[in-house]
């Protein structure tokens, strides 16, 4: 292990931290607007902090949606989700905020967000939020 001193650059945010901090959900045009189909996205490494203890909370997020005019771009979604890692926020609030942002940015016909939080203190929690009307 090196014992070299670190320079001032350790005080500035690293490039990855800057990218995450500036992230937003980006969408692109649905390549087949006439077809009804579902897209499923898994984000297994979601983290935020408990607003009471400051301890990290971990969850697996699953998004299933029927796109309308646009589709979520996956890298931007990953970076947007990573932005919550240092935020002190309740499970209920963070999942509702994510759903609001997904609906506002992508305007899907229908969307379901499931957040399965890892157990802490022998208690686990799962939230399911739906928006829109599912089409067949």
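The first residue you see is number 1, and the count goes up from there.
Cβ atoms are placed via backbone N, Cα and C, with glycine included.
Taken from Swiss-Prot, the feature active site, thioimide intermediate applies to 50, supported by sequence analysis. What Swiss-Prot records for 57 is active site, proton donor. What Swiss-Prot lists as substrate binding site is 72, 73, 74, 91, 92.
Everything Swiss-Prot records as a feature, shown here on the structure.
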residue	record	CB count, 10 Å
50	active site, thioimide intermediate	14
57	active site, proton donor	22
72	substrate binding site	21
73	substrate binding site	16
74	substrate binding site	12
91	substrate binding site	17
92	substrate binding site	12
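When the recorded positions 50, 73, 91 are compared by Cα distance to residue 57 (active site, proton donor), the shortest distance belongs to 50.
If you check the binding-site residues 72, 73, 74, 91, 92 against residue 50 (active site, thioimide intermediate), the ones with a Cα inside 10 Å of its Cα are 91. For the binding site of substrate, formed by 72, 73, 74, 91, 92 according to the record, the largest Cα to Cα distance is 25 Å, rounded to a whole number.
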